[in-house]
Amino acid sequence: MKISVIGAGNVGATAAHRLAEKQLAHEVVLIDIVEGIPQGKALDMYESGPVGLFDTAIHGSNDYMASADSDIVLITAGLARKPGMTREDLLMKNAGIVKEVTDQVMKHSSNPILVMVSNPLDVMTFVAHASSGLGKERVIGMAGVLDAARFRSFIAEELNVSMQDVNAFVLGGHGDSMVPVVKYTSVAGIPITELLSQEKIDALVERTRNGGVEIVNYLKNGSAFYAPAASAVEMIEAIVKDRKRILACTTLLEGEYGINNVFCGVPVKIGKNGVEEILEINLAPAELDALKHSASLVQENCKSLEALLA
C-alpha cells in the first residue's frame with residue numbers, strides 16, 4: 001500500500017505523520033512545490049519511527065514522479081483561509097491549484113482513490129473528479145467526518161461525557177450551509193433531545209457551523225489542521241482496512257435525496273473501493289430542505305468553474 005499526500009503544510013504533514021504512525025501503508029510520500037519542505041518534514045517524521053514504533057517508509061519530494069503507482073492520494077494543496085475570508089473566497093485560486101495537482105497525480109497513478117481536503121471542499125472534490133476521469137466512488141471529500149467530530153466534541157464538553165459515546169451526522173456542504181442532523185445525534189444511544197434543551201442544541205449546532213472560523217480567529221494566521229488531518233486519516237483507514245465504515249463524506253449525488261449531479265456530504269459506506277454505497281436516511285422536512293439548499297450553493301459555485309474545466 002502506497003499513500004501520497006499532496007501539500008506539506010500543516011494538514012498534509014500532520015496527516016502524513018499520522019498515516020505512518022498507524023502503519024496504514026508501507027510507504028508514505030509527501031509532495032510540495034516548495035523546495036526542501038517535504039524532504040525535511042518527511043525525514044523528521046521518519047526519524048520519529050524508533051520512538052513512535054513504526055517502520056513506514058516516508059519520503060518527501062517536489063516531483064510528482066515520487067507519487068507513482070499510489071493506491072490512495074490525499075490532496076491538501078491550496079491556499080489557507082485567513083481571518084475574514086470565506087471558503088468561497090478561495091474558490092477560483094484553489095480550483096486552479098487542485099486541477100493542476102490532479103492532472104499531475106493522474107500522470108503517474110492509473111486508478112488511485114482521491115481523498116480531498118482542499119477548500120472549498122465540496123467544489124474542490126468536483127474539480128478533482130472532473131479533472132481525473134475517475135469513477136465517482138474513487139473521489140471522496142472529507143467534510144462530514146470533521147464537522148461531526150466538532151459537533152461531537154462540543155456535545156461531550158457540554159454534557160461532560162466521553163466523546164466516544166457521542167454519535168452524530170453532519171450533512172451538506174462543508175461550510176456555513178452544513179446541516180447537523182439532530183435527529184440522528186445521540187449519547188450512548190440516548191437521543192440528544194432528551195439530554196439538552198432545544199436552545200442549547202441550537203447553540204451547539206451554530207458553533208459547529210462556525211467551528212473552522214473559531215479556530216481561524218484564534219490563530220490569526222492559519223487554520224485548523226489537527227482535526228482535519230485526523231478526519232482524513234479516519235477515512236483512509238476505512239479504505240485501507242476495508243472496514244465498511246458509515247461516515248458522512250462528500251460524494252457525487254445522482255438523484256439521492258432529490259439532488260442531482262452535485263458533490264455533497266451524505267452518509268456513505270467506505271471500504272476498499274472508496275464510496276461503496278450511499279445511504280438515504282429519513283430526514284425531517286426542514287433538514288431535507290436545508291440539505292438541498294446546501295447542495296444548490298455548491299452547484300452554483302461549480303457552475304462558475306465550467307470555463308476552467310472546459
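Placed from the backbone N, Cα and C atoms, the Cβ positions cover glycine too.
Bear in mind that the values here come from a model prediction, so they are computed numbers and not experimental data.
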Co-listed NAD(+)-binding residue [Swiss-Prot; alongside GLY7, ALA8, GLY9, ASN10, VAL11, GLY12, ASP32, VAL117, SER118, ASN119] among ASN94, ASN160: ASN94
Least buried by Cβ count (within 10 Å) of the recorded positions ARG150, HIS174: ARG150
Count of other CB atoms lying within 10 Å of the CB belonging to ASN119 (NAD(+) binding site): 29
Integer Cα-Cα distance in angstrom, GLY9 (NAD(+) binding site) to HIS174 (active site, proton acceptor): 20
Binding-site residues (GLY7, GLY9), the one with most neighbouring Cβ atoms at 10 Å: GLY7
